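S.K.: Residues or ranges marked as GTP binding site by Swiss-Prot: 22-28, 50-52, 315, 341-343, 423-425. Annotation source Swiss-Prot lists Mg(2+) binding site at 23, 50. Per Swiss-Prot, IMP binding site is recorded for 23, 24, 25, 26, 48, 49, 50, 51, 139, 153, 234, 249, 313, and the stated evidence type is sequence analysis. The active site, proton acceptor annotation in Swiss-Prot covers 23 and is backed by sequence analysis. Positions annotated as active site, proton donor by Swiss-Prot: 51. For 309, 310, 311, 312, 313, 314, 315, the entry in Swiss-Prot reads substrate binding site, with the evidence type sequence analysis.
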């Protein structure tokens, strides 16, 4: 019998993942790479994440729409793994259009993405308040409760906005249960079912032009040879399965989540770029072994403008942690590293790197995956010489001053993954790309 020849996957999809606690600078990398890709996909999270993009003397924060929207010709997709606040989405579309960029025909939203409703936001705040000292540090945007409904099989999806009868039935069913909680447990005012039905029934005509089966769309585009860039929100150490549980987000920012959150098959993924901030930050509660509580930590916060793009909250700051990074690179299968915010370290006489932990008097090199153990470790540091000068002019590694270049190559050697991108300033052009 004659053997048949079948086409093989093109492996033209690239995944960008945060390797730390989020806020690594993924937005700049996506913005920088977007003109090299046909499609950019957001695959998980919601409006709890903020990607800051700096270009043309403007600084723009996006929470839902992929950063590629600012590159003409680039198509943007919000995947099935994202939870969407319809009000926030429409506000963001309006903001992008006011900046002079077309959105219709360039933005597609998965019909299977779940919605964040007003009662999710209230539940988020009430749940957090009830935790007392054990608060997670949620943004209060309703992300967790929306994912709870999704996995309880009670969620309302984007496609339901297009069917008024279905939407009304699901809203009534959900509010019957939620209002009991508000009334009997939290002693709060109930939501008006009729008002919510009326308000959300108006979204069908507005959102309809953007809604499609993005799983099929992406599969067909990949088979046609198109290139796809997948961007996650938050970071590996906040992943609900692989992060510092329970101080985590409610989804999977890891590279595996890129496939489930977009519908793209794994064999289309050619490379995984891990975004690494040159130091570390964390928002909210949870263990942070290399956190600094002194003037150095304050300096990192001040120079790095480390305040949440979504909440405005001050971020906790510390030195880069190679133990955590090795774990993240392994979990995500990272093939190359994008090093960001190197410029924040420009004024430090010395820079420290956490190379291992001490636990109960013993040195360990593996990242503890249970939070009680992680909270007991202390960092072991290696001190490197600072460079005390700007590298904003650099466009190649050779353009950088020797000490900054040594810092990059030290990380590369320790992590055994090539550093192919170095951000030496906030601007799109302030980039070393190897």
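Heads up, the Cβ atoms here are built off N, Cα and C, so glycines get one too.
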S.K.: Across all chains shown, how many C-beta atoms besides its own are within 10 angstroms of the C-beta of residue 22 (GTP binding site)?
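M.R.: Here the count is 29.
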S.K.: Closest to residue 315 (substrate binding site): which of the binding-site residues 22, 25, 48, going by Cα position?
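M.R.: Checked the binding-site residues 22, 25, 48; minimum Cα distance to residue 315 (substrate binding site) goes to 22.
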S.K.: Indicate the candidate from 25, 312 with the smallest number of other Cβ atoms within 10 Å of its Cβ, considering only these binding-site residues.
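M.R.: Minimum Cβ neighbour count within 10 Å, taken over the binding-site residues 25, 312, occurs at 312.
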S.K.: Could you check the binding-site residues 48, 52, 139, 234 and say which one's CB has the fewest neighbouring CB atoms inside 10 Å?
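M.R.: Comparing Cβ neighbours within 10 Å for the binding-site residues 48, 52, 139, 234, 52 has the fewest.
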S.K.: Using Cβ atoms only, which residues of the same chain lie under 8 Å from residue 424 (GTP binding site) while being at least 6 residues apart in sequence?
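M.R.: Result: 342, 343, 390, 391, 392, 394, 400, 430, 431, 432.
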S.K.: Which is it, of 28, 313, 314, 315, 342: the one of these binding-site residues whose Cβ has the most other Cβ atoms within 10 Å?
M.R.: 28
S.K.: Using C-alpha positions only, work out which of the binding-site residues 48, 139, 234, 313 is nearest to residue 28 (GTP binding site).
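M.R.: Result for residue 28 (GTP binding site): the nearest of the binding-site residues is 234.
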S.K.: Could you round the CA separation between residue 22 (GTP binding site) and residue 234 (IMP binding site) to a whole angstrom and send it over?
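M.R.: Checking the Cα atoms of residue 22 (GTP binding site) and residue 234 (IMP binding site) gives a distance of 4 Å.
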S.K.: What is the number of other Cβ atoms found within 10 Å of the Cβ of residue 23 (Mg(2+) binding site)?
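M.R.: A count of 29.
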S.K.: Out of the binding-site residues 23, 25, 52, 312, give me the one sitting nearest to residue 234 (IMP binding site) by CA distance.
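M.R.: Nearest by Cα distance to residue 234 (IMP binding site): 23.
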S.K.: Among 23, 25, 52, these being the binding-site residues, pick the one whose CA is nearest to that of residue 313 (IMP binding site).
M.R.: 23
S.K.: Hey, how far is residue 52 (GTP binding site) from residue 23 (Mg(2+) binding site), Cα to Cα, in Å?
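M.R.: Answer for this pair: 9 Å between alpha carbons.
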